[in-house]
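Engineer: My questions will all concern the structure given below.
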Amino acid sequence: MEKANWSSPVTGFIIMGLSAYPKLEKMFFVLILLMYLVILLGNGVLILVTIFDSRLHTPMYFFLGNLSFLDICYTTSSIPLALDGFLTPRKTISFSACAVQMFLSFAMGATECVLLGMMAFDRYVAICNPLRYPVVMSKAAYVPMAVSSWAIGGTASVVHTSLIIQLPFCGNNVINHLACELLAVLKLACTDISINVISMGVTNVVFLGVPVLLIFVSYVFIIVTILRIPSAEGRRKAFSTCSAHFTVVVIFYGTLFFMYGKPKSKDPLGAEKQDLSDKLIPLFYGVVTPMLNPIIYSLRNKDVKAAMRNLVSQKCFTQ
């Protein structure tokens, strides 16, 4: 059957979305749209305050501005397509548009993994070696660090996207997902995908294992250093400088490991629920973490709250 379909290669895909659950589509459309607007507003404001408030022109806030911009790009690469799919059951998408969407989603996800590792190193130097912090984390160091995280994520995405678009797709062109998710598209290839599987395994080690190891080691040294501070007030202040980043890391990687580490159900009813959860968990992962990031950094950071108040007051004053 597969051989008969080789003569008619796939030129586009049909995104299944939640067409099997029509009662959920409108509810999730409203919910995800509201969350997406919060993401744009919250991260947009963080970007503005890190640019216009000179007190936030430090490595930590430079990385934070990059993280906010990255979250906007990450959600914009997939959420509008998912929202459109809620209103247009079995939406069609061209092969090239699907490839672009896969590239952007993977690039943003990989970049965020590397960037969170960079931010952990920044906190390590700030707390464990405060006297050397201005030298180690100078502008000549932290700007290339941020640029390299984008370059590494983009390069890895180019490799994976190139490997996928070279695969032959024939016969079944229905993506059982809310968007052009890389693994869902791979399942439709009508040839051996062992190279893709191996490359994905290597990527998981590089973009999950290495940053997690760096973050873990950094926080081990950070905790040891904080515990050595004699005063309770000193320990509280030291921990407050990295608590927001630590919270973001726990949410980001905790959701990620839950999403890909949960066991597969074997009974038919469980398989149907599994299919729904396999679509919704990545969707909420893609919007909840970017939505919480600006909330966490603004609620737990006096400098950011002060910068936001100044930005609002300046806006009101100019009017």
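Think of each number as a place in line: the chain as shown, counted from 1.
Note that Cβ sites are derived from N, Cα and C of the backbone, with glycine treated the same way.
Take a look at what TrEMBL says about it:
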| type | residues | note |
| --- | --- | --- |
| TRANSMEM | 28-49 | transmembrane segment |
| DOMAIN | 42-297 | domain 'G-protein coupled receptors family 1 profile' |
| TRANSMEM | 61-83 | transmembrane segment |
| TRANSMEM | 95-121 | transmembrane segment |
| TRANSMEM | 141-165 | transmembrane segment |
| TRANSMEM | 205-227 | transmembrane segment |
| TRANSMEM | 239-260 | transmembrane segment |
| TRANSMEM | 280-299 | transmembrane segment |
Engineer: If you count every Cβ pair below 8 Å, which range out of 28-49, 141-165, 239-260 shares the most with the transmembrane segment (61-83)?
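Structural biologist: Against the transmembrane segment (61-83), the leading stretch is 28-49.
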Engineer: Please report, as numbers and ranges, the same-chain residues at least 6 past the borders of the transmembrane segment (280-299) whose CB is under 8 Å from any CB of it.
Structural biologist: 28, 32, 35-36, 38-39, 42-43, 45-46, 64, 67-68, 71-72, 74-75, 78-79, 82, 177-178, 181, 244, 247-248, 251-252, 255-256, 258-259, 305, 308
Engineer: Over the domain 'G-protein coupled receptors family 1 profile' (42-297), what does the predicted model average in pLDDT?
Structural biologist: 84
Engineer: Applying the under-8 angstroms CB criterion, which one of 28-49, 95-121, 141-165 scores highest with the transmembrane segment (205-227)?
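Structural biologist: Between the candidates 28-49, 95-121, 141-165, the best contact partner of the transmembrane segment (205-227) is 95-121.
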Engineer: May I ask which of the stretches 28-49, 95-121, 141-165 has the most CB pairs under 8 A with the transmembrane segment (239-260)?
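Structural biologist: Stretch with maximum Cβ contacts: 95-121.
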